[in-house]
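Asker: Supplied in structure tokens, the structure appears directly below.
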């Protein structure tokens, strides 16, 4: 089993959409960044890449590359999911926290979880997202920005018992792991 941790933060500014977990959230401010600045997905991607010892999102999607300017972080998460598959890991779980004073995230969390699970081709019950405030303290508490933290666990395909696995939803040519039975 491998564990990864990710963290991201972006500044809130006018004239930008607020995208969190692939969901557009109605708000007068949005996050400033090279891509759509989805801090939740950026933290999750860094956690996944870290757990697999594949670097970080800056290595794979540098902000100096115009191909990623304004790109949806859901597309980047899909690419990270492919890299995790290619490295022969299975995502066991993801647990993430959004830290924002405003707006309230609770109404959008189920959609965020679904978007993350769909992008990674995993069951939604392997993804948890929660939100908290900093009680008015710090840059998130004062409304200057939003941050996110994520942790994930991966398991190597070779750690699963091979045998008569249900290959119906298999995403790789690994030879059949029991992990696919849960899809």
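From the backbone N, Cα and C atoms, a Cβ is placed for every residue, glycine too.
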Asker: Report the candidate from 42, 60 that shares the divalent metal cation site with 8, 10, as recorded in Swiss-Prot.
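Answerer: Among the candidates, Swiss-Prot records only 42 at this divalent metal cation site.
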Asker: Can you give me the same-chain residues 6 or more apart in sequence from residue 42 (divalent metal cation binding site) with a CB-CB distance under 8 Å?
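Answerer: Listed in sequence order, they are 6, 8, 57, 73, 148.
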